[in-house]
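S.K.: Mind having a look at this structure? Questions to follow.
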Amino acid sequence: MLTSVKSVGASALRVDTIRSHQSDIREIDARHVTNDVDLLAEIGYKQELKRKFSTLQVFGVAYSIMGLLPSIASTTATGLTAGPAGFVWSWFVSGIFIVGIGIGMAELGSAIPTSGGLYYWTFHYAPEKIRVPLSYMIGLSNTLALCGGLCSVNYGFALEVLAAAYMNSDGTFVSTTGKTYGVFAACVVSHILVTCLTSNMISKMQTTSIICNSGIIVLFFIAVPIGTAKAKGFNDGEFIFGTVQNYSDWPTGWQFMLSMMTAIWTIGAFDSCVHMSEEAHNASKSIPVGIIGSTMVCWIVGFFICICMAACMSSDVASVIDSPTGFAMAQIVEDSLGKKWGVAMMVLIACCQWLMGSSLLTALSRQIWAFARDDGLPFSRYIKVVDKKLRVPLRAVAFGGALALTIGCLTLAGSTAANALFSLGVAGNYIAWGTPIFLRLTSGKDKFKPGPFYLGDTLSPIVNWIVCCWMIFVLFLCMFPGSKTVDKETMNYTVVINCGVWVLAMVYFYTYKFKYFHGPRSNLNDDAAEDIRYVEGYVDPKSSGEKASTPDVEKA
């Protein structure tokens, strides 16, 4: 009984300590600040990174990560499980709501542009009682989601490379989980090296990526239809727009919903624009342009890519889904272009997919750096260090790559577990995107001060409430297995990984991390003195003579 009373008392003291040590809510008004540095100072941070991203390059980060053709190629089999019309129309319908999410995030990014945007906004708009733990969970969830996105992109790259090898060997090449992980790991390591070695040119790489990703789309629109016309002719309009099929044991309507994962996964990671806020010129305007521009372009152009694929693919949809190459897109281009040019197209798609991963690691490293700056990660004091010469968080880049290599071990468990990487990024991102949007509409509605981009007091709430409902639906959608019969082979491991991380994050926070993470912590005065914080209700020994326990002493 005495132990129970002590436990309750300790828990109450811990909750009181979290609330008493939480960071202050700052007054931020992006419309009345003259420049980026002053706005960042108003948000609470000093300028540590070099501002070298133009509005076009901010757009390029998100556009490159979405990498339309490579991304659609990676998820074609998922989309086609509802037939060609299900593939086309599920993209169009889901894209409308995804653009709405981008608008909601653009409003938040315009008001408070900072690299740790999602967990910062959560802290800023959340009720006082849950402000710190909720902010911590969102920060960790967003980090995991971006890392899951990097893993899924690089896993797609590995499949594309191995599919090209299979096509080139006339079917004699045998792909294994070990080979898949080997290509995946080589891709991640190359991203770490290139991102670190080309730090001064990372913004220019986004321009290159825009050109490459746009070029491969133009080439696809020209080459594949010409090849199809010569090889076998096109499928008719009824097949493209009216043939909804079902290649699973779920009801057809629900399978149509599941096929939306093609667009949901592809038009994602547009929060990468937010994570580049502290390196962007005129961030309050360039962040909204980057987010909305990338989502709109990818939604519209992607819709026409889906139509082109449905027109050029074999009418035997099952043979495309279960292609011996292991990759549905590879089967489509081989049927249209033949082996030689099909291999060439797959190599070009893989190169663009590699650029996607490079941009994603850049965005991931900025989220990791921002979260570590606020003491949200293990080893934060080491991770948050910025290279003084390059003004780039190189350690955060390496940490993000190492994390991806670890999570990527799922590929060794087989294709079903590996496919969870795609849903992993979606689930983590949607909870991280949806939480600050919802809080801004509820507990934070009186705190919200819009930036230069704002839909207005009437239209903005309507759009944001709709997308909140959509994001709740997607959270359930991405956790469903691909089949009614669930076993170790068909299990969707997303629910285990994400829910496990969310639960463990809260356990870790309440047992240990609450001593160090108090929400977004201003570092404007870090050069003046060490930041020494005594927590858990203990008294500073310098002021009372009592012994303090477990102080968190960290240098900037």
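Every residue, even glycine, has its Cβ placed from backbone N, Cα and C.
Not my notes, these are from TrEMBL:
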- 56-77: transmembrane segment (TRANSMEM)
- 89-122: transmembrane segment (TRANSMEM)
- 134-158: transmembrane segment (TRANSMEM)
- 178-198: transmembrane segment (TRANSMEM)
- 210-229: transmembrane segment (TRANSMEM)
- 256-276: transmembrane segment (TRANSMEM)
- 297-321: transmembrane segment (TRANSMEM)
- 341-364: transmembrane segment (TRANSMEM)
- 392-414: transmembrane segment (TRANSMEM)
- 420-441: transmembrane segment (TRANSMEM)
- 462-483: transmembrane segment (TRANSMEM)
- 495-512: transmembrane segment (TRANSMEM)
S.K.: Sort out for me which stretch, of 56-77, 134-158, 210-229, 256-276, 420-441, has the most Cβ pairs below 8 angstroms to the transmembrane segment (178-198).
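M.R.: The stretch with the most close Cβ contacts to the transmembrane segment (178-198) is 134-158.
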S.K.: For the transmembrane segment (134-158), what are the same-chain contacts with Cβ under 8 Å, counting residues 6+ beyond its ends?
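M.R.: For the transmembrane segment (134-158), the list is 65, 67, 70-71, 73-74, 116, 118-120, 122-123, 126, 180-181, 183-184, 187-188, 191, 265, 268-269, 271-272, 350, 353-354, 356-357, 360-361, 363-364, 367-368, 371, 374, 376-377, 400, 403-404, 407-408, 410-411, 418, 421-422, 424-429, 431-432, 435-436, 498, 501-502, 505-506, 509, 513, 517, 519-520.
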S.K.: Do the transmembrane segment (210-229) and the transmembrane segment (495-512) share at least 3 Cβ pairs closer than 8 Å, excluding pairs fewer than 6 residues apart in sequence?
M.R.: no
S.K.: Quick one: do the transmembrane segment (297-321) and the transmembrane segment (256-276) reach 3+ CB pairs under 8 Å, ignoring pairs fewer than 6 apart in sequence?
M.R.: yes
S.K.: Select the range from 56-77, 89-122, 462-483 that forms the most Cβ-Cβ pairs under 8 Å with the transmembrane segment (341-364).
M.R.: 56-77
S.K.: Using a Cβ-Cβ cut-off of under 8 Å, list the residues of the same chain that are 6+ residues beyond the ends of the transmembrane segment (256-276) and lie near it.
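M.R.: Here the qualifying positions are 53, 58-59, 61-62, 65-66, 68, 71-72, 74-76, 78-82, 86-87, 89-91, 93-95, 98, 102, 105, 109, 113-118, 142, 146, 149, 152, 244, 248, 250, 286-287, 290-291, 294-295, 298-299, 302, 306, 359-360, 362-364, 366-367, 370, 422-423, 425-426, 429, 432-433, 474, 477-478, 480, 482.
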S.K.: Look at every Cβ pair spanning the transmembrane segment (462-483) and the transmembrane segment (89-122), keep those 6 or more apart in sequence, and say whether at least 3 of them are under 8 Å.
M.R.: yes
